[in-house]
Amino acid sequence: MIEVKNLVRTFNSGDRTIKPVNDVSFELEQGTLASIVGKSGSGKSTLLSLLGALDKPTSGDVAVNGVSLASMPDAKLTQYRRRDIGFVFQQFNLIPNLSAVDNVMLPMEFAGMRKAARLQRAKELLEQVQLVPEKHDRRINRLSGGEQQRVAIARALANEPKLILADEPTGNLDEQTGDHIIELLSALCRDHNTTILVVTHDRALANKTDRRFRLQQGRLTEEPVRNRATAAAAPV
Amino acid sequence: MSVLARSVGNAFRNKVRTAAVVAVLAVAIGLALAMLVANQAVGAKVQELNASVGTVLTVNPAGGQGFEGGGEPLTSEQAATATAVPNVSAVVGISSLRLRNAAEAAAQAAGGQTGPGGGQGVSGGQAAATLTTSLTAAVDAGTLGNRNQAANGTTGTTATQPVRSLPITATGIGAEVDTTGKALAITEGNGLGDYNAESTNALLGTTLAEKNGLAVGSTFTINDQTYTVAGLFDAGTTFGNNAVYVTLPTAQTLAGLPGELSSMIVTVDSLEHVEAAKAALQEALGTDKADVTQGQNLETAVSSLDSVKNISYIAFIAALGTAGLIILLIMVMLVRERRREIGVLKAIGAPNRTIGLQFVLEALVLAALGSAAGAVIAAFASSGIASALISTNTTTTAAATTGRGMPGGTGFPGGGPGGPFGGASQLLTSVTASASPDVIVAGIAAVFGVATIGALVPALLTARIRPIEVLRGE
Ligand SMILES: Nc1ncnc2c1ncn2[C@@H]1O[C@H](COP(=O)(O)OP(=O)(O)O)[C@@H](O)[C@H]1O
Ligand SMILES: [Mg+2]
């Protein structure tokens with residue numbers, strides 16, 4: 001369960017103040033697959049970074065299972081990012097001189113998982129996102145954008161987070177792989193009761209989610225999802 | 001992939017830069033090590049010089065020039081005054097005489113020669129009594145001596161002059177020590193027993209005894225008085241072995257100057273007290289009455305070496321500081337360059353300590369490589385630097401300490417700028433043999449410490465800011 005209350009994030013650029021996140025409030029039940037759509041520059045990434053504790057709101061609060069992020073000390077926020085959140089960045093943000101498998105193992109290393117166990121899990125995750133085994137040990141800067149995207153998704157899944165925040169995860173993927181990623185995310189919601197919030201321009205993806213939000217000039221509104229079948233299957 | 005593996009990997013991420021950093025670090029650390037070696041080499045030299053002087057001070061009459069005279073003679077009362085000075089453990093009175101071979105003296109007198117002979121101006125003074133003996137000196141006058149004799153001789157008689165030997169030094173000693181305060185090394189026979197009582201026993205230098213065919217129990221004369229050889233000693237030098245030792249009162253009686261001393265050997269209880277005792281002694285005896293010296297002009301040599309030691313120490317610190325500064329700046333630069341990466345690590349849940357550790361390990365890898373390469377450089381450079389620093393100074397030292405037999409004129413081992421192996425072994429010996437290997441440990445620890453702080457501080461400062469700020473960075 002994630003509760004967002006009156007969240008505001010302002011930036012001062014010169015003498016102007018911009019509000020990419022302006023009084024946003026919503027709640028997501030555990031296991032919901034939700035999407036956020038909106039024009040470029042509407043504040044989607046900003047909102048996601050607030051939910052992932054990568055940034056601090058100007059005002060308002062995010063509560064995860066009743067615990068407010070605003071009240072957490074830095075060490076607890078680190079733990080929150082490590083254990084509870086899986087973040088897929090718009091620009092992937094992988095470590096370029098490490099191999100695909102090493103990148104996926106990183107969050108598990110920070111969580112203190114043993115080396116053999118994390119190597120095995122990393123390889124499984126890379127197979128799930130359909131990265132061919134020959135490329136598991138390849139350095140990130142020798143992988144294509146689509147391949148990097150899949151490594152980034154695998155890394156987000158590493159510590160079995162309760163909440164996955166994905167910023168345009170299918171943006172760099174061909175239709176087929178994109179569809180597969182959507183299947184994977186839906187399956188996670190179903191089987192592991194993972195909450196997923198995905199920012200997307202992809203109509204197909206947006207229509208497969210349980211709930212859909214639109215962000216416009218910092219204001220969040222919920223839209224009905226056309227594909228009722230998927231929505232009905234999800235707990236509300 | 002562990003933190004360590006990642007750090008090592010990161011250290012070699014940009015190979016060209018890593019090579020450059022290691023090279024610059026190596027030069028600085030190599031210089032620091034070479035300076036440390038030089039410092040210790042000079043330190044060892046200073047210690048050697050000090051040890052050779054030991055805890056012994058020599059008191060001469062103020063302005064005295066030995067047999068040349070000058071100043072007023074020292075007295076037994078002054079010996080008592082010296083004994084009362086704090087930290088003085090022993091005072092030995094010395095009365096020096098010069099012996100000339102009786103036959104030569106007679107021949108010279110017959111030849112109508114006047115004035116001093118043997119090129120040794122005896123122009124009067126407190127202890128300049130010249131006596132005759134049956135002994136023949138073990139040292140030839142040599143080219144210099146003969147030239148002096150010729151110059152002093154009456155014109156026209158040079159052709160008939162017999163070949164003469166140098167005078168023999170006879171010293172009355174108040175204890176079984178030589179004129180420099182060192183214990184006499186008696187090789188045969190016995191000492192003189194009570195050195196403060198008159199006696200007809202004497203100690204002869206080995207070469208003097210040999211020259212005159214004397215052994216323990218043989219007799220010889222000084223001023224027609226017969227003396228028995230009680231023992232032979234080896235002073236280690238030709239000059240030192242051309243000597244006779246008798247008891248102090250015997251010498252004073254022979255000279256006809258009872259209660260007068262030509263010099264005093266004052267022993268101080270420990271090396272640390274030498275400086276203070278020397279000042280106190282000079283104060284007690286009065287600058288107008290006595291000159292207190294430590295060895296022979298050694299102080300100037302020691303002090304010039306000391307300044308070299310200080311300079312090399314400062315250079316050591318400076319080079320080490322440079323190494324520290326290099327690694328500090330490199331790490332600040334590396335952390336800045338990888339701000340975004342730090343943000344990513346933070347965003348996926350890396351604790352600050354993991355991020356700090358990763359950069360510290362990377363810095364230590366660079367420092368270790370720099371130190372290893374620096375040690376190689378030092379191995380090449382230190383022998384050259386150390387010998388260059390010391391040899392210039394030992395020349396002065398050797399000159400200043402004639403007759404003292406300074407051990408190893410160009411002392412420092414290692415035979416010049418030898419190959420890397422000579423250099424390496426020299427580095428090792430001088431480092432391991434040094435009195436304070438903790439200095440080098442401290443130095444390397446300082447470099448590693450600076451590396452640690454240089455990596456930790458910027459890494460933690462970066463890790464503390466919100467991940468999004470660094471991620472958005474570029
Ligand atoms: N650190 C910042 N300083 C100033 N303006 C920012 C900063 N971060 C984002 N913005 C602005 O906030 C707005 C929303 O950005 P973003 O959340 O990235 O949009 P989206 O992801 O929807 O494209 C944009 O106008 C962007 O320029
Ligand atoms: Mg965005």
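Note that Cβ sites are derived from N, Cα and C of the backbone, with glycine treated the same way.
Checked against TrEMBL, the range among B:14-38, B:439-463 recorded as transmembrane segment is B:439-463. The domain 'ABC3 transporter permease C-terminal' (B:314-465) scores a mean pLDDT of 73 in the predicted structure.
Under DSSP, the residues of the domain 'MacB-like periplasmic core' (B:149-283) split into helix, strand and coil as follows: 38 helix, 44 strand, 53 coil.
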